[in-house]
Structures are given as C-alpha cells and as structure tokens.
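To keep things clear, I will list the structure first and then write my remarks on it.
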Amino acid sequence: MGGGGERNSMGVLVPTVNAGETSAPAGAETEAAVVGTEVVVVTERVAEEEEEEEEEVDKDILCPICMQIIKDAFLTACGHSFCYMCIVTHLQNKSDCPCCSHYLTTNHLYPNFLLNKLLMKKSARQMAKSATPVEQLRQAIQQGCEVSVKELDSLLSLLMDKKRKMEQEEAETNLQILLEFLQCLKKQKVDELNEIQNDLQYIKEDINAVEKRRIELYRTRGRYSAKMRTLVDDSSAMTVRPPLRDKGSGAIVSSPVNLQEQGRAGTSQTRNTDTRAPQNPQIVQRKDDNQGGSDSQDPNQPGKSLARKRRVHAQFNELQDCYLQKRRYWARQSQKQGERVANIMNRVGYSAGLEDFQSVLSTFTRYSSLRVVAELRHSDIFHSANIVSSIEFDRDDELFATAGVSRRIKVFEFSSVVNEPADAQCPIVEMSTRSKLSCLSWNNYTKNHLASSDYEGIVTVWDVTTRQSVMEYEEHEKRAWSVDFCRTEPSMLVSGSDDCKVKVWCTNQEASVLTIDMKANICSVKYNPGSSAHIAVGSADHHVHYYDLRNISQPLYIFSGHRKAVSYVKFLSNYELASASTDSTLRLWDVNENVPLRTFKGHTNEKNFVGLTVNSEYLACGSETNEVFVYHKAISKPAAWHRFVSDDQNDPDGDMGSFFISAVCWKRDSPTIVTANSQGTIKALVLAA
C-alpha cells in the first residue's frame with residue numbers, strides 16, 4: 001500500500017528518466033521532487049485552513065436578522081450584535097432579543113465600536129486583495145508609504161516605458177483598423193465603379209440599338225410617304241388630264257407624256273426622301289405630320305407623347321432601377337449559358353434585357369388614370385349590410401359574380417352592365433345562402449360551376465344554371481375565408497379557414513381529399529395556375545407558405561417579409577406570386593427561385609380585407625381610404641388610382657375614413673377592372689392615358 005501511495009504521489013511531478021542514466025542522480029532527483037511535493041501540499045493545506053478560518057469569522061460577523069455582514073454594529077444589553085437598522089426595525093414590532101428572547105428596548109442598544117473597527121479593517125483587507133497592482137500602489141503612496149527618490153525614479157522610468165509601449169501598440173492597432181477600413185472601402189468603390197462601367201456599357205449599347213432602329217423606322221416611313229404622295233399625284237394628274245380613249249375599242253390609252261412625268265416625279269421624290277431621312281429625320285417627321293389622308297396622325301398624339309414623358313420623369317428612379325435590374329439579370333444569364341445566348345438579339349436588334357424593359361416602359365407609361373365605364377348598386381332591400389366580399393369573372397369573362405355579407409350570390413352579364421343604363425341593370429342569376437359569404441371561385445372547365453366559402457365554414461359548389469348547390473362540404477370548424485378551383489384539374493378545389501386548416505376537395509367525393517394543419521388562421525389559398533400539386537397559403541402568422549401537395553409534412557418554401565397577417569395570395573404567372581397584407585404593402589415573389597422580387601406601397605390597409613387582383617402585367621388592390629390602386633409589377637409605386645365618392649347623404653364630403661374598398665377583379669387580358677366598396681357600390685373601371 002505504501003509503495004502504491006508513493007507512486008501515485010510522484011506520477012505527475014516526476015520527470016521521465018532515460019534508461020542509460022545512473023541510479024544515483026535519479027535517486028537525488030526523486031528526493032528533490034518529493035520535497036517539492038510536500039512543500040506544495042503543506043502550502044495548500046495552510047491556504048485551506050486560512051479560508052476555513054475566514055469563513056468561520058465571516059459567520060461570526062453576520063447579522064442574525066438579515067444574515068449579511070453587519071453594518072453600523074450595535075450591541076444589546078444581552079451581548080448580541082446586530083445591524084442598527086435591523087434591530088431598530090425589529091424592536092418596533094417586538095420587545096425581545098431575536099437571539100435569546102431577552103426583554104429588550106431601544107434604550108438597551110449601544111454602539112459596538114470595536115466590532116465596527118474590525119469590520120472596517122476586514123473590508124480594507126478584502127479591497128486590497130481584490131485591488132489591481134495599480135490601485136495597491138496608489139493606496140500605498142496615499143497612506144504615506146516611505147519610498148526613496150531613487151526608487152521613485154526607477155518606478156517612473158518603468159512606467160514611462162510601459163506607457164510608450166502601450167501607446168505604440170494602440171497606434172499600431174488604430175492604423176491596422178484604419179488600413180482595413182480603407183481597403184474595404186476601396187474594394188467596395190471598385191466594385192461600384194465596375195458595376196457603373198458595366199451599366200454605362202449596357203446603356204451605350206442600347207442607345208446605339210435604339211438610334212439604329214429609329215433611323216430604320218424613319219427610312220421606312222419616308223419611303224412609305226413618298227409612295228403615298230406619288231399615288232396622290234397620279235390621281236390628281238388623272239383628274240386634270242382626261243385619258244384618251246381608243247375610238248375603235250373604247251379602251252383607255254395612257255399618254256406617253258403623262259407616264260414620263262409621273263415616272264420622273266416618283267423617282268426624284270423617292271431618291272430625295274431616302275437621302276434626307278438619315279441626315280435629318282425630324283424634317284421628314286414634320287412633313288409627314290402635315291400630310292393628310294391615310295398618312296395623317298392623331299391630332300392628340302403630341303399631347304399623349306408629352307404625358308407619357310412626364311410619367312417617365314415622375315417615376316425616373318423606379319424605372320432606372322427596373323432597367324438596370326433587367327439588364328444585369330440578362331447579362332448574368334448570358335454568362336451562365338455561354339456566348340450562344342450572349343449575342344442573341346430580337347428581330348429589331350435589341351438585347352433581351354432592353355426588350356424586356358421596353359415592354360415595361362411602354363405598358364407603364366401607357367396608363368395613368370382609371371376611368372369609370374359603368375356603376376351599379378349591390379344593395380338589397382332585405383339586408384342593410386352591403387359589403388361586397390368577392391368579385392370573380394367566369395372563364396370567358398362574359399359574366400361576373402359578386403357575394404358578400406348580404407348572403408346572396410349575384411351574377412351579372414358584363415356587356416349589359418357596361419352598355420345598359422344604370423336603372424336597367426339587374427343580375428341574371430341570384431342565389432341565397434344561409435350565411436355571409438367570404439369568397440367566390442369559378443370553375444375554369446365547367447362554365448356554370450361556381451364555388452363559395454362562408455362564415456360558417458361551409459364550402460359550396462353551385463350550378464349557376466339551375467341555381468342549386470351541387471356539393472356542400474362542412475368539415476371546417478370555423479369561418480372559411482378563401483376557396484379556389486384548380487386550373488389544370490377542374491374537379492379539385494382548395495379552401496382555408498380560421499380553424500388553421502387547409503383542405504383539398506374533389507367534386508367527385510363528399511369528404512376532403514387532403515388536410516394541412518397549420519399553426520395560425522388561414523386567410524387565403526390559391527392554386528398555382530400551371531400545377532395541380534402546388535398551392536400558396538396566406539396566413540395570419542405574417543408568412544406565405546408554398547406547399548407541394550405530394551408532400552405536406554412541411555412547406556416547400558416560406559416567404560417572409562410581411563409584418564402583419566397575409567390577407568390575399570394571387571398568381572400572375574406560373575412562377576410569380578403576389579401577396580397582400582394588413583401592413584399596407586403588396587409583395588411579389590418568385591416561387592421557382594424562392595426570392596422576393598418587389599414590394600409595393602401607396603395604399604392603406606391595416607385591418608380590413610380590401611381585395612387583391614392580378615393579371616400578367618398589373619396588380620390592383622383596394623384601400624381603406626375608399627380608393628382603388630393599380631401597380632405595374634415592375635414598379636413599386638402606383639401607376640393609377642381612383643377614389644370612390646360617397647353617395648351617403650349623411651356623408652356629403654365623402655369622408656374616406658368611413659368606407660373602404662372591399663373587392664377587386666381584373667377582366668383577364670384587358671385594362672378593365674371591376675371593384676366594389678363597403679357601401680355596396682360596384683364600378684367598372686378602365687385604365688386610361
């Protein structure tokens with residue numbers, strides 16, 4: 001046992017001994033190591049005993065009432081010490097000693113000067129232990145420690161050396177930080193410069209392409225104008241000089257002189273026009289503008305052109321960002337796909353990025369306002385509530401259906417609404433429901449089938465022709481906010497509800513086909529128009545969830561960015577998804593790349609469902625200011641808007657805060673939009689210049 005203990009005590013401290021060394025030095029080293037170990041052990045034991053003694057002393061100087069080190073110690077007549085405030089507070093309630101229960105009053109309390117002095121010394125020792133060397137030195141000098149001048153000089157010299165070294169290190173650190181900042185700034189500015197140079201190169205290339213195209217158009221226009229003038233001259237010459245008739249056959253014989261004159265005139269005019277057009281095309285344009293007949297232009301064309309230019313300058317920054325974004329995107333695509341794509345031009349010599357931007361520019365500047373083409377009331381004499389919750393066009397854009405809190409579905413013929421007077425406008429079909437309605441969706445295959453969702457959670461498929469329900473689904477436990485028919489699989493439809501469930505239905509089955517359980521209320525659901533397996537879900541959790549129905553264990557993507565509930569989701573195309581939220585924004589997402597594309601601001605939406613509708617180029621939504629806003633998908637600011645004027649007699653000023661837009665719907669592939677507000681007023685609006 002003794003040998004084992006000795007080996008354990010020496011295991012860590014004994015150095016390794018080579019086999020070739022003699023035994024005598026090894027023994028001496030072993031003895032020295034043992035002595036060192038014993039000294040260390042003794043030192044550790046002494047330190048432990050001192051700590052234990054300090055702990056015991058600490059216990060003796062604790063106040064029995066607050067169990068903290070005594071502050072302002074006072075001694076009782078029975079010999080116990082307490083904090084002054086502790087014992088005084090105790091004696092206000094009781095008249096005994098907390099330790100021995102001896103009768104005690106404030107008259108029996110005396111200051112404990114000795115304990116207070118000991119406590120002050122203990123506190124000073126603790127501060128000295130925890131103080132830094134600098135603080136200890138300062139305390140020693142302040143307390144009058146005797147130091148010779150030589151020692152002070154040595155100490156000052158040491159401190160100066162230390163100061164210079166620290167200043168040098170700090171200076172080096174500052175220079176290193178400054179150098180790294182400047183290098184980072186240089187890299188950033190070089191990157192920006194390269195980007196600007198690339199942008200300038202794109203702009204130069206596009207300017208050359210546009211100027212070349214303009215010259216080609218002027219030349220073509222000049223040749224066309226010359227031909228038209230030749231035809232006019234020919235017709236006038238025929239009128240001035242009557243044709244000669246052959247006496248025998250009665251046939252018309254052209255005069256050789258006339259033919260020669262016409263030929264010279266036509267040739268000279270064509271030559272002059274072709275040579276002048278590229279040099280000063282504006283002269284040709286002015287001449288052409290003054291020509292009559294089929295070559296004349298719309299007299300309002302200069303005014304329209306000026307208005308479009310004003311729109312460009314008003315939204316110059318937005319258009320600039322759009323141009324650069326598209327140009328850079330197509331440049332990156334060409335780099336990815338190689339030179340075979342880099343040099344591809346369209347038929348007029350434009351690059352893909354320029355052609356894409358020209359499409360945006362032409363469509364965005366084409367319209368600047370919304371004009372009312374028809375108006376009708378959704379009022380019902382049996383219901384005072386007139387809020388229209390949903391408007392939907394059928395597959396052929398011939399009929400549109402409305403529904404809302406009046407518990408009625410009304411189907412109108414669009415051509416009749418536009419062409420007939422307001423007094424003669426009546427729905428061609430009207431169907432009553434048990435509950436308030438929240439959403440409508442037409443079947444894209446069966447023209448007369450219309451789906452609805454209501455406040456009781458019931459999803460109903462209607463036959464508009466017979467005015468009867470075809471199917472009713474009652475699995476939702478709370479209000480159903482949204483329903484949508486699939487475009488590619490017309491027997492399938494999806495719905496979302498306040499019960500936090502998304503349900504997929506089939507018109508051939510009475511029960512739901514699929515259920516997705518989510519953590520928050522569902523405000524909107526929408527099928528991808530190009531797929532029966534993908535749906536978008538707008539949720540009260542501020543996110544858009546994009547699901548593949550073949551695997552519903554988790555969303556394919558979750559789009560984050562909205563700060564409040566997502567009230568609507570709509571697809572512009574198979575890959576572009578728009579969402580609306582009560583944070584007063586619309587957002588555009590790319591569901592293929594899982595990236596945000598743009599955020600649209602301008603309308604107000606903080607609490608109500610104000611509607612959202614999209615087509616291939618535009619988004620439109622309502623506002624709680626009783627206005628309709630239209631956005632181009634490439635520009636973040638509104639392109640046009642229209643305010644509903646209140647017709648309430650009690651609201652002569654048309655207070656915008658009293659009513660809000662509640663539903664909007666585009667007429668597909670058309671600049672026409674049907675909108676409704678919370679008063680039940682329905683308007684057909686068309687985008688105008």
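Numbering starts at 1 and runs along the chain as it is shown here.
Glycine is no exception: its Cβ is also placed from the backbone N, Cα and C atoms.
Per TrEMBL, compositional bias 'Polar residues' is recorded for 255-283 (among others).
According to TrEMBL, the feature compositional bias 'Polar residues' maps to 291-303 (among others).
Outside the domain 'RING-type' (63-101) by six or more residues, the chain places 108-112, 115-116, 119 with a CB less than 8 A from a CB of the stretch. What TrEMBL lists as domain 'RING-type' is 63-101.
Summarising the annotation, TrEMBL assigns region 'Disordered' to 237-308.
Here TrEMBL flags 473-515 (among others) as repeat 'WD'. A Cβ distance under 8 Å defines the sequence-distant neighbours of the repeat 'WD' (473-515), meaning residues of its chain 6+ beyond its ends; these are 438-446, 449, 451-461, 521-527, 529-532, 535, 537-538, 547, 549, 552.
Mapped onto DSSP helix, strand and coil, the repeat 'WD' (559-599) counts 0 helix, 25 strand, 16 coil. Annotation comment: TrEMBL describes 559-599 (among others) as repeat 'WD'.
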Outside the repeat 'WD' (559-599), six or more residues from its ends: residues with CB under 8 Å to it: 521, 523-531, 534, 536-546, 605-616, 619, 621, 631, 633-634, 636
Within the predicted model, mean pLDDT of the repeat 'WD' (473-515): 94
Helix, strand and coil counts within the domain 'RING-type' (63-101) (DSSP): 10 helix, 9 strand, 20 coil
